[in-house]
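Swiss-Prot has this to say about the protein:
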{"type": "BINDING", "residues": "VAL3, LEU4, HIS5, PHE6, GLY7, ALA8, GLY9, ASN10, ILE11, GLY12, ARG13, GLY14", "note": "NAD(+) binding site"}
Amino acid sequence: MKVLHFGAGNIGRGFIGKLLADAGVEVVFADVNQQVLDALNQRHQYQVRVVGEQAQVETVRGVSAVHSGSDDVVALIASVDLVTAAVGPQILERIAPAIARGLVKRHDGGGTQPLNIIACENMVRGTSQLKQHVLNALEPRYHAWVDQHVGFVDSAVDRIVPPVEAGSDDPLAVTVESFSEWILDKTQFKGVPPALGGMELTDNLMAFMERKLFTLNTGHAITAYLGQLAGHQTIRDAILDPAVRQTVKGAMEESGAVLINRYGFDARKHAAYINKILQRFENPYLHDDVERVGRQPLRKLGAGDRLIKPLRGTLEYGLGDANLVTGIAAAMHYHSDQDPQAKEWAALLAEVGPQAALAKVSGLEEDSEVVAQVVNAYNAMQ
């Protein structure tokens, strides 16, 4: 089996590419970073530092790479068994034209073998969005063939992959946590889904996507925002602060109550899932900076993201939300000279004040009780 994987960054190499290669799949990475491409093609292997209770180094073998903008990518899409991507939500639209050209070549070559395409992004239904970009790049006469032969499979991914620490001169160096989860919507595959280790199939993907968003992503973000306010440098430092931990755990329990009401998750199993995530945040081998984790506050305070969406759920079901309110207030205090969204958020706050700024970004009613609660908590943190 041969896979073309867009994105040879840390997540591509440390998570999806590694999982595929470990399953015996031939992996060809596509990327624009020539230094990384050259290193992959010279070595055809790389090392991944996997950190859990201990740290160990594992070698990923049998890999190669091509430039994302090359004709090689088009030729590969015409012949491979699977296409995956871990490029970041904003980049999906950029890779769509190359995928479209590859599908045309596959069609024109008489290809009838099913091809499945999977975006492995930290977003809801990312592959469905990629599908729209690909269809937009294709002439309409190809659409029926694509519908028949190409599966666009949504997935939920979960693995903490922090940036490489300063001082490493190896372009392929990557560290990942031992925990990983890759859950795919089995109803969207064309043909028989591949049976690969580490790949889980479900017919209720939305439940698992929201479980991850409302628990890992919610908890990670609130740990970062409260951690920055408390003067902590890393996620580990922050979650070991009893005051931060209490609020983060409380927020995940509040969002968990929404999930239990909405999807019928088992309460005891979900409590264990929350505790597992808290342990992951404590990992001494992961030096995950709170400033990095908190980036893009405009997106993270958006209506469908990790802070506001669970809050809306508590309002829908009449559940407690005091810790989520505290976490959102902390997010409003986030600052970073490195993040354009943080600067944009600071300018909006200064221009219209916290109440109107939160309403504008989150979609919550400006005069609602919950916005007033968040603003009161925000002001109390001054």
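Just so it is clear, glycine is given a Cβ too, placed from its N, Cα and C backbone atoms.
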Exercise for the section: Take the Cβ of HIS5 (NAD(+) binding site) and count every other Cβ within 10 Å, whichever protein chain it belongs to. Expected result: 28
Fill in the blank from the handout: Row GLY7 (NAD(+) binding site), column other C-beta within 10 angstroms, all chains, value 26
Problem - For GLY9 (NAD(+) binding site): intrachain residues, at least 6 apart, with Cβ closer than 8 Å - result: ASP31, ASN33, VAL36, ALA86, VAL87
Handout entry: Residues near ARG13 (NAD(+) binding site) in space but at least six apart in sequence (CB under 8 A)
Key = PHE29, TYR46, VAL48, VAL60, LEU172, VAL174
Problem - CB within-chain contacts under 8 A for ILE11 (NAD(+) binding site), separation at least 6 - result: ALA86, CYS120, ARG159, VAL161
